[in-house]
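Participant: This is the structure, below, for whatever I ask next.
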Amino acid sequence: MWRGRAGALLRVWGFWPTGVPRRRPLSCDAASQAGSNYPRCWNCGGPWGPGREDRFFCPQCRALQAPDPTRDYFSLMDCNRSFRVDTAKLQHRYQQLQRLVHPDFFSQRSQTEKDFSEKHSTLVNDAYKTLLAPLSRGLYLLKLHGIEIPERTDYEMDRQFLIEIMEINEKLAEAESEAAMKEIESIVKAKQKEFTDNVSSAFEQDDFEEAKEILTKMRYFSNIEEKIKLKKIPL
């Protein structure tokens, strides 16, 4: 106890034992620099501090901020970076974000905030659509791992697969009845379900080459799905 009191007296009188390091008080400049690494609000200049991921508005002046260019779609939509996505949760997050950043809510705000709301809304729409569909979600996940599939490529597809695609396309071209169309739709739907299950397993095992091959096949069948939709539209 005496040593504690003695130490307190030494601190009050301005003395300190030789060889014992003293804590230097944080200067005003140092204190201000502590937040200099954080992004600052374009409107008031205030620092955001940690936890920016969930902030769209400045905590000081409540001005809408610019979208974070480093944030990926999974983070934005509050999803794990995985091929398996809870689509109900994804839709809820989409609606939540649009209630925050949709341009309709910024008609009376500054032009800067109007521009930011347009960018946010577009980004949220793109993220939602990309993560909702298995094919676009898989391609995006591959891209995050540094792998991209060119738009027009056979990606060394085996001959048997290409023959299968050709035969389905021929059946579609010749289909004249509703029953024939439904049969082709059923085949394509079953194939896409099989591919979706397989690519999910490939991602879980970090087998990106396998995922790349399956996604390429999914893209072929996605093209057939689009042709089916077009053929259903009455001319």
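Here the Cβ of each residue, glycine as well, is placed from N, Cα and C on the backbone.
Grabbed the feature section from Swiss-Prot, which reads as follows:
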BINDING   Cys41, Cys44, Cys58, Cys61  divalent metal cation binding site
DOMAIN    72-144  domain 'J'
Participant: Around Cys44 (divalent metal cation binding site), how many other CB atoms lie within 10 A of its CB?
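Facilitator: By my count, 12.
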Participant: With DSSP assignments reduced to helix, strand and coil, which class does Cys58 (divalent metal cation binding site) get?
Facilitator: coil
Participant: Other residues near the divalent metal cation site, CB within 8 A of the CB centroid of Cys41, Cys44, Cys58, Cys61?
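Facilitator: Residues close to the divalent metal cation site, other than Cys41, Cys44, Cys58, Cys61: Trp42, Asn43, Gly45, Gly46, Pro59, Gln60, Arg62, Ala63.
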Participant: Looking at the binding-site residues Cys41, Cys58, Cys61, which sits with the largest number of other Cβ atoms within 10 Å of its Cβ?
Facilitator: Cys58
Participant: Can you tell me whether DSSP puts Cys44 (divalent metal cation binding site) in helix, strand or coil?
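Facilitator: Its secondary structure by DSSP: coil.
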Participant: Of the residues in the domain 'J' (72-144), how many are helix, strand and coil by DSSP?
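Facilitator: Computed counts for the domain 'J' (72-144) are 56 helix, 0 strand, 17 coil.
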